[in-house]
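Undergrad: Structure in structure tokens, see below.
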Amino acid sequence: MDSALSDPHNGSAEAGGTANGTTRPPSTPEGIALAYGSLLLMALLPIFFGALRSVRCARGKNASDMPETITSRDAARFPIIASCTLLGLYLFFKVYFPNKSYTGSVLKTWKTQKSKKGKTAIIQNPTTRDNHRFPLEIFSQEYINLLLSMYFFVLGILALSHTISPFMNKFFPANFPNRQYQLLFTQGSGENKEEIINYEFDAKDLVCLGLSSIVGVWYLLRKHWIANNLFGLAFSLNGVELLHLNNVSTGCILLGGLFIYDVFWVFGTNVMVTVAKSFEAPIKLVFPQDLLEKGLEADNFAMLGLGDIVIPGIFIALLLRFDISLKKNTHTYFYTSFAAYIFGLGLTIFIMHIFKHAQPALLYLVPACIGFPVLVALAKGEVTEMFSYEESNPKDAAAVTEGSKEGTEASASKGLEKKEK
């Protein structure tokens, strides 16, 4: 999980930074301001619109848009799982699969030889065997990144299609032949039948899928930063929309755990920054600091991990749903936490620019996003209401509803059988 804000290619941030063997010139103040401002704006968009869509998602009955609820147990385990994944990626790229051929390996043999004085000595006789290659060279970094590119190519198309679908619906004519489809995979039969995939879509969704595929091919062939950001924004918005915290306490556990995770892996080691540079996947938003000089072909990027958007975003979305549950026609806690996010990310950018070092954004975002709403709740006397607010799992509710329907139908059929008798 990448959640560090950094400008690893900025010559002004890293003394002696190089690119292709040449020293990269420092970015201009205007270029830096444009890059940081753009990253801030791109981070706010999926949080704002994702939070609004999470409200409709919680009320919806479509099985394909059913949110995934995060419990306190999930929140406690998440930093551990994220740490293991991050460390595994680091070892994967840097240790276990080195990007080189092991040619000319040395074979050491030991021989005994008698000297002129009649004494026996054991000597080492190294011999070289040419054209010996490491058996796992096929798993070099290029092959792994190609595999990951194909994986995120598919995920990115689906995420982007789901993101643009509500906007594209406004452009379809009223007489558009919008046929309905359902993709259903089940396991077992009879009473033991279990749904594995149940996805409902229509012809409009297929059009959105086709448009998203154009961006996917662009990303796959060029790895252009705009295509990367389109996928990154789609992943972020879908994460904020579809990942729901069940209560505020769970949100505090999740943010608190990832606060420690972020600080340790950025300040304690170089693991997170190394993975962010090596991992060729749309798991971060990037913006060039030399856009004014080089245009769209610029390559001096500042970056923001998607974890710094999605994790605070799902907490902000929870507070919006809490605002709605109060039925006061105000969104006080949503706007407070949204302003807190702007303050926290702005402070992160400021500290990073001053100290010229990548910063764990959650170090500043977590205290702001939790502290500001809690202070407002204290001032309004609504702390108890905030921490007692609970959201049920929509999947469980749907299962209960379905079970009650089946029970009602079964009892009705039994009643009819009795009447017939």
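Glycine is treated like the rest: Cβ placed from N, Cα and C.
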Undergrad: Looking at the ranges 1-26, 105-130, which is given as region 'Disordered' in TrEMBL?
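TA: Here TrEMBL associates region 'Disordered' with the stretch 1-26.
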Undergrad: For the transmembrane segment (143-161), give me same-chain residues lying six or more residues beyond its boundaries with a C-beta closer than 8 angstroms to one of its C-beta atoms, as numbers and ranges.
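TA: Residues 92-93, 97, 205, 208-209, 211-213, 215-216, 219-220, 223, 230-231, 234-235, 238, 279-282.
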Undergrad: Is it true that the transmembrane segment (301-320) and the transmembrane segment (76-97) have 3 or more Cβ pairs under 8 Å, skipping pairs fewer than 6 apart in sequence?
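TA: When sequence-distant Cβ pairs are counted, the transmembrane segment (76-97) does not touch the transmembrane segment (301-320), since fewer than 3 lie under 8 Å.
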Undergrad: Where among 33-55, 76-97, 252-276 do we find the most Cβ pairs under 8 Å to the transmembrane segment (332-355)?
TA: 33-55
